[in-house]
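Per Swiss-Prot, the features are:
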- 401-420: region 'Disordered' (REGION)
- 133-155: repeat 'PbH1 1' (REPEAT)
- 157-179: repeat 'PbH1 2' (REPEAT)
- 180-202: repeat 'PbH1 3' (REPEAT)
- 204-226: repeat 'PbH1 4' (REPEAT)
- 234-256: repeat 'PbH1 5' (REPEAT)
- 320-351: repeat 'PbH1 8' (REPEAT)
- 383-394: repeat 'Hemolysin-type calcium-binding 1' (REPEAT)
- 401-417: repeat 'Hemolysin-type calcium-binding 2' (REPEAT)
- 419-435: repeat 'Hemolysin-type calcium-binding 3' (REPEAT)
- 562-578: repeat 'Hemolysin-type calcium-binding 4' (REPEAT)
- 580-596: repeat 'Hemolysin-type calcium-binding 5' (REPEAT)
- 741-757: repeat 'Hemolysin-type calcium-binding 7' (REPEAT)
Amino acid sequence: MDYNVKDFGALGDGVSDDRVAIQAAIDAAHAAGGGTVYLPPGEYRVSAAGEPSDGCLTLRDNVYLAGAGMGQTVIKLVDGSAQKITGIVRSPFGEETSNFGMRDLTLDGNRANTVDKVDGWFNGYAPGQPGADRNVTIERVEVREMSGYGFDPHEQTINLVLRDSVAHHNGLDGFVADYQIGGTFENNVAYANDRHGFNIVTSTNDFVMRNNVAYGNGGNGLVVQRGSENLAHPENILIDGGSYYDNGLEGVLVKMSNNVTVQNADIHGNGSSGVRVYGAQGVQILGNQIHDNAKTAVAPEVLLQSYDDTLGVSGNYYTTLNTRVEGNTITGSANSTYGVQERNDGTDFSSLVGNTINGVQEAAHLYGPNSTVSGTVSAPPQGTDGNDVLIGSDVGEQISGGAGDDRLDGGAGDDLLDGGAGRDRLTGGLGADTFRFALREDSHRSPLGTFSDLILDFDPSQDKIDVSALGFIGLGNGYAGTLAVSLSADGLRTYLKSYDADAQGRSFELALDGNHAATLSAGNIVFAAATPVDPSAEAQPIVGSDLDDQLHGTLLGEEISGGGGADQLYGYGGGDLLDGGAGRDRLTGGEGADTFRFALREDSHRSAAGTFSDLILDFDPTQDKLDVSALGFTGLGNGYAGTLAVSVSDDGTRTYLKSYETDAEGRSFEVSLQGNHAAALSADNILFATPVPVDPGVEGTPVVGSDLDDELHGTLGSEQILGGGGADQLYGYAGNDLLDGGAGRDKLSGGEGADTFRFALREDSHRSPLGTFGDRILDFDPSQDRIDVSALGFSGLGNGYAGSLAVSVSDDGTRTYLKSYEADAQGLSFEVALEGDHAAALSADNIVFAATDAAAAGELGVIGASGQPDDPAV
């Protein structure tokens with residue numbers, strides 16, 4: 001018989017409290033021996049009935065609650081409820097209840113407008129007592145916005161069936177099976193719950209999970225576990241089919257349980273391992289698709305380990321034993337270490353049978369003396385677009401890294417290693433290995449930085465480097481299709497380099513650990529077929545075109561003009577005049593007293609678009625000259641006020657003449673000289689223009705950087721210095737300057753005066769899971785300088801949360817940090833470093849914060865973070 005709640009006074013208008021009316025209908029059905037209590041479409045508000053164990057609505061024997069469908073019939077907790085409610089709908093506490101349930105409706109916990117823990121569905125007799133609820137059926141029910149659990153059938157329940165239902169956005173677990181006997185969860189979905197999707201706990205046994213889905217939950221997708229009390233472990237659990245993906249921790253966790261089977265499931269994209277067996281016995285993992293897990297932590301796809309509870313409630317050590325992993329397809333992500341891994345903690349008697357394992361460092365890594373692997377197929381590891389760690393086997397194979405900064409290890413055998421794009425580290429291992437480079441972008445340097453691979457164990461007696469696809473024809477000076485060999489200053493690293501750049505400014509470069517300069521030859525480098533060029537065959541190639549020319553002089557002195565393009569000019573004998581013209585040219589004077597002329601700033605410069613400076617390969621300061629008179633430079637200096645600055649590269653192999661002043665097109669003059677000529681350059685070998693005195697006291701204009709790694713200088717006046725993108729260096733000098741490094745890891749020096757260091761975007765100075773990209777202030781003076789973070793919304797100093805910034809000092813006391821521990825949607829947390837210990841001096845007097853509104857400040861709650869994500873539902 002049906003009992004319509006509206007016949008008992010329920011309104012379903014979303015405003016009135018209908019609890020008493022609905023309960024009256026339930027009681028009437030119970031008094032008549034049973035029936036269905038029907039709620040027509042509408043929103044029925046309910047309040048707490050009294051004690052937490054009273055819930056809101058209490059079902060009785062043979063009574064079923066039914067609505068018009070999920071989302072059509074909604075039972076919602078009233079606004080302002082401020083007490084614990086163990087079940088908006090529940091069975092009576094301490095009474096054995098049978099043949100009852102709920103279907104076709106939604107329970108809404110209204111967590112945004114209520115206080116204290118509220119659960120959606122709850123049933124069970126009483127904890128630790130021998131009674132039980134029986135024959136419970138829940139179908140097509142949605143539970144949402146509970147501050148506690150969604151569905152929480154509790155101890156003990158015999159023969160519960162919960163199917164075709166949904167739990168989402170609840171504060172703890174979506175579905176709990178606490179001491180269930182002989183029940184079934186089928187075709188349910190749990191998503192966006194703060195803790196686990198499904199939690200099978202507290203002595204549950206003979207239980208079936210079939211075709212359920214859990215995704216986007218904060219903890220595990222599905223966990224089977226004993227819980228925090230010393231009770232009998234869950235046993236005889238079947239998990240058949242379904243999907244468990246994109247959860248914060250494991251896809252499936254089996255902890256302190258016995259005889260659990262996980263089969264035919266799709267488990268992928270989870271934060272840690274796909275499946276973790278933790279202090280359990282007799283677990284079977286059969287025929288699953290386990291792939292692309294370890295998204296937020298380095299982990300194996302399947303982890304088998306023991307659980308130490310010697311300091312816990314049982315005092316026992318639970319060894320993982322007799323796990324069978326059979327017929328699974330296991331594919332790793334960039335962070336996946338192994339297909340299946342045992343921990344070296346006593347775990348034993350594991351059997352791996354007939355699995356297909358790909359894309360991991362190693363297919364299986366077992367420690368148990370009685371653990372075995374048979375029939376497992378593992379393809380050579382292949383990389384992704386992420387930062388992969390790929391380890392080969394004991395046979396020869398081809399390992400390709402793909403994009404990303406990869407680590408490749410060939411293991412034994414004659415392997416072929418191809419790191420692909422990115423800055424890769426390559427280890428051939430035992431055997432005669434080949435390191436292949438198919439594209440210039442795979443290992444190169446450019447104006448954007450160095451992206452060269454490093455070979456860690458090159459053996460010149462048997463290994464080979466294959467650069468044939470790049471067109472290099474032999475060893476030489478790094479030009480005209482040759483590769484130059486050079487050593488680091490300490491002799492611990494060898495480099496193979498080309499000095500010819502492609503259209504994107506990339507020059508091939510490869511590093512080898514160790515000193516191999518004397519042993520590298522055509523015997524261990526695979527070159528392309530050489531096409532010899534006779535330089536004497538070009539009689540008078542003196543004037544170039546707008547293309548990339550190679551122009552050769554003779555034994556006489558002549559003028560060689562490159563024109564447009566990235567040209568190569570060779571003077572050979574005689575006192576030559578070389579003028580590369582526009583483009584990034586390479587100039588070799590040869591013998592004789594040569595002059596290298598620069599008539600236009602565009603001939604050799606850098607700008608926001610990149611570096612287009614010429615390189616002089618054989619400048620002899622005792623006889624050669626640089627002619628910059630047409631550009632108006634008047635002498636050597638700091639690169640300002642018409643002077644040229646001299647600097648040397650970090651490795652001492654290249655000297656630069658630079659102006660830091662730009663023309664209307666943003667171009668600054670720069671020319672490079674091979675070798676260290678810093679001490680030898682002077683007015684004797686540089687032809688300057690007649691100097692024009694400059695008043696250094698004139699206040700400068702704003703200095704604006706590019707998206708490259710800029711070095712920007714102020715004047716003696718006050719100005720804004722804006723870095724833009726790139727890892728910039730900003731120098732204010734005197735005056736009250738404003739320095740804004742922009743994006744990139746910048747170094748800021750205000751100099752004299754009361755300077756302001758501004759941070760307008762969180763990306764300008766931050767840390768993230770990808771690394772630390774914080775700016776560093778080199779000379780902060782707390783007595784007069786300021787740090788402006790007002791645009792970022794920070795309101796004061798504090799613990800780094802709730803809009804505050806925390807102050808900390810490095811262990812050695814040489815650096816102070818201002819940090820926020822709150823990340824934005826991209827995972828960026830603000831951080832800036834100050835040289836020196838300023839912890840005691842930092843305050844609102846020298847930090848510009850955003851305006852605060854105390855009345856609008858709300859309390860930030862922490863949801864679902866007990867610190868013990870594997871704890872049971874209690």
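Along the chain as shown, residues are numbered 1 onward.
Note that Cβ sites are derived from N, Cα and C of the backbone, with glycine treated the same way.
Quick caveat, the model's predicted, so the values are computed rather than measured.
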Intrachain neighbours beyond the repeat 'Hemolysin-type calcium-binding 5' (580-596), with Cβ under 8 angstroms and 6 or more residues off its ends: 479, 499, 501, 505, 544, 548, 553, 557, 561-574, 602-604, 611-620, 623-627, 671, 687
Intrachain residues whose Cβ lies under 8 Å of the repeat 'PbH1 1' (133-155), provided they are six or more past its termini: 64, 69-71, 86-88, 91, 96-112, 114, 116-127, 161-180, 183, 190, 193, 202-203, 873
Tertiary contacts of the repeat 'Hemolysin-type calcium-binding 2' (401-417), as residues 6+ beyond its ends and Cβ separation under 8 Å: 334, 361, 382-395, 423-436
Sequence-remote partners of the repeat 'Hemolysin-type calcium-binding 7' (741-757) [C-beta within less than 8 Å, at least six residues beyond its ends]: 705, 709, 714, 718, 722-735, 763-765, 772-781, 784-788, 832, 848
PLDDT averaged over every residue in the repeat 'Hemolysin-type calcium-binding 7' (741-757): 92
